[in-house]
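**Student:** Sending over a structure as structure tokens; questions will come in a sec.
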């Protein structure tokens, strides 16, 4: 039986912390879907197509992933695709409090035996968030080394053109 998982987020933009989790999760499962969530409560810097293209480029070295976009509840998407696991990255204890609540709620909504798997982010990336990256870049700050190179190029281009 093929072991499948999803790692979901808005990835606006994808960071080295995200990429670290993707690479490690891809080693744990036969197939990993990177699910780009449509989040109506956030104003994205990148369009869904741009995010999908960036993620495709920075993960092209990982053979067992696919990238998809979904709208609505993660649990509904998980049930539709029958994933064995939902991978979540944790940066700090503050992430854990939120993530445990989400995992418990989702567990009530899953129709199969889906489990939530928590992976600790590499300490080098534990302070990085997409929101922080966007804020620093908006003020002209340097985010080199915090994003995959292609994502870094794209965010600089995007901000320069605004």
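The backbone N, Cα and C atoms fix where each Cβ goes, and this holds for glycine too.
Copied straight from TrEMBL:
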DOMAIN    6-135  domain 'Cytidyltransferase-like'
BINDING   10, 11, 18, 89, 90, 91, 99, 125, 126, 127, 128, 129, 130, 131  ATP binding site
BINDING   10, 42, 74, 88  substrate binding site
SITE      18  site 'Transition state stabilizer'
**Student:** Would you count the other CB atoms within 10 A of the CB of residue 130 (ATP binding site), including those on all shown protein chains?
**Tutor:** 23
**Student:** According to DSSP, does residue 74 (substrate binding site) sit in a helix, a strand, or coil?
**Tutor:** helix
**Student:** To the nearest whole angstrom, state the Cα distance for the pair residue 126 (ATP binding site) and residue 88 (substrate binding site).
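**Tutor:** Answer for this pair: 14 Å between alpha carbons.
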**Student:** Which one of the binding-site residues (18, 42, 88) has its C-beta surrounded by the most other C-beta atoms within 10 angstroms?
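**Tutor:** That would be 18, with the highest Cβ count within 10 Å.
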**Student:** Measure from the Cα of residue 42 (substrate binding site) to the Cα of every one of the binding-site residues 10, 18, 99, 128, then give the nearest.
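**Tutor:** So, of the listed binding-site residues, the one sitting closest to residue 42 (substrate binding site) is 10.
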**Student:** Take the C-alpha atoms of residue 130 (ATP binding site) and residue 88 (substrate binding site) and report the distance between them in angstrom, rounded.
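**Tutor:** Per the Cα atoms, residue 130 (ATP binding site) and residue 88 (substrate binding site) stand 15 Å apart.
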**Student:** Rank the binding-site residues 10, 126 by the number of other Cβ atoms within 10 Å of each Cβ and report the first-ranked residue.
**Tutor:** 10
**Student:** Of 74, 90, the binding-site residues given in the record, which has the fewest other CB atoms within 10 A of its CB?
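**Tutor:** Ranked by other Cβ atoms within 10 Å, the binding-site residues 74, 90 bottom out at 90.
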